[in-house]
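A.B. asks: As listed in Swiss-Prot for this protein:
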type: DOMAIN; residues: 9-247; note: domain 'ABC transporter 1'
type: BINDING; residues: G41, G42, N43, G44, A45, G46, K47, S48; note: ATP binding site
type: DOMAIN; residues: 256-496; note: domain 'ABC transporter 2'
Amino acid sequence: MTDASKDIVSVRSLTKSYGATVVLKGVDFSVARGEIHALLGGNGAGKSTLIRVITGTAAKDGGELVFRDMAGNILTEADGRRKVAVVHQELALLPHLTVAESIALPHFRKGSRVYDGRTAGSQAYAALSMIDRDFAGTALNRLVGDLSLHEGQMVEIARALSSGAELILLDEPTANLTAAETERLFGVLRKLTRGNGLSVVFVSHRMKEIRQIAHVCSIIRDGRTVVGNVPTAELSDLAIIEHMGQAQATAVAHSARPAPVASLSDEPLTIAETGFSVTLQPGTILGVAGAPAGPETLIAALIGAAHERRWTVTRAGWPDRFRSPREAARLGAGFVTGDRSHRGILHSLPIIDNVLASRRATRGSLFATKREEVECLDLMQALKVKAGSLWHLPNTLSGGTQQKLLLARWLNVPSRLLVLEEPTRGVDIGTKREIYQLIRDMATTGTAIVWWSTENAELLEICDQVLAFDTEGRSSGVIERDELSEDKLATLTGMAA
């Protein structure tokens, strides 16, 4: 039991419903000052809704929500929420603003109509210096659009500090970061919690990272707290998985990889650049490893997203280079983006139109037929997608369920090649295993898979061979299944295992 007077925020018996769907069913949760607190739970458990209630973007239906200041005094909910900030997986920054403008923006929203560049620069430098003095000295006049994702996170955290935040909620902050960037982020969080008394809620599905950074953890399952404020070191990975209700799903991960069976086509694909090529047989899963520069260039060429002259894709009936993603899709080359929020999910269209998007692109149809509606319902059931209606918007679904929708697009059209960009990014362990099995099943139909992941353990588990890129973005070799290892991948990519 924690001392309530030391909690920066605490909720008791919190409830929240959306229509007939009860999302939070009596959640208890508290965060102490200076603490890094891991919030765990499967997709759809209620984590995002809890965050929305704490930050005030959703109103609670029942229960108690208490904020305290640094002295332990109880604040009104309105005052308390001014001390809370969220850094989402998809950053909320305007690319055309400078770093200084982005950090100082909340101050000018509060009343001043005149932008004072000198004041903005001073405020931004003071906040950013708390994180990284060297970065603060060089970044203020840079455009946000020119920053790396890690640098953008630093700007968001600095903006929160500049606004007086005492609690920062980080939602899957490492999903798009390299190992080195992740370690730098962890260093920043440790510095701020120890030296400045900041409190952090860290939402992640990565067990290793949770153990590296979090002091305590709480687990939500089906809208209820099943583990509250337990020291992370006291819980094994298996115990965490069981509390999340995903022990059975994890066991599936150790099943043998089914042998590929080519039934769609017996034509192989050859992916080539000057002096190098790799042949991808139907039903084969080719992993792609390395820093983003190489994989991103390859993927752009595979799906016709750029006039990339470096790579060619050879297959009977296909051009050497697709002119556009639409042409690629029409000829049977699908793509699932790693940026589901901005480039994947069609937020203004219902679930059924999201699932049928690839069919629309390849066949030109506009409206769902009754037969397509039935097929879509069957597909949702097979994928274990829980949705009240096919006509609901996808924003009502968890991140993992949205990821299933993106994959479902290519289950209802014949595909000879499917290119996957970080397909399990930001999903829980159970959903990850379901995606593994889904891709294995697609491979057995003869679909060739190209799978880019920054998680080497994932590539080792799922792939038949791995194409590696070095830190300069150059292809450095192909590793066959029987030679795959963490050390081999680290050697060819130049990145630590």
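Using N, Cα and C of the backbone, Cβ positions are placed for all residues, glycine too.
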A.B. asks: When a 10 Å sphere is centred on the Cβ of S48 (ATP binding site), how many other Cβ atoms does it contain?
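C.D. replies: Summing over all protein chains shown, S48 (ATP binding site) has 18 other Cβ atoms within 10 Å.
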A.B. asks: Are there residues of the same chain, six or more positions away from N43 (ATP binding site), whose CB falls under 8 angstroms from its CB, and which are they?
C.D. replies: S398, G399, G400, T401, V427, D428, G430, T431
A.B. asks: Per residue, counting other C-beta atoms within 10 angstroms of the C-beta, which of the binding-site residues G41, G42, G46 reaches the highest number?
C.D. replies: G41
A.B. asks: Just jot down the residues in the same chain as A45 (ATP binding site), at least 6 apart in sequence, with C-beta under 8 A of its C-beta; none if empty.
C.D. replies: I220, R221, D222, G223, M244
A.B. asks: Across all chains shown, how many C-beta atoms besides its own are within 10 angstroms of the C-beta of K47 (ATP binding site)?
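C.D. replies: I count 26 other Cβ atoms within 10 Å of it.
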A.B. asks: Just to confirm: which same-chain residues, 6+ apart in sequence, have a Cβ under 8 Å from the Cβ of G44 (ATP binding site)?
C.D. replies: K386, L397, S398, G400, T401
A.B. asks: Three-state secondary structure of K47 (ATP binding site) from DSSP?
C.D. replies: helix
A.B. asks: How does the model score the domain 'ABC transporter 2' (256-496) in terms of mean pLDDT?
C.D. replies: 81
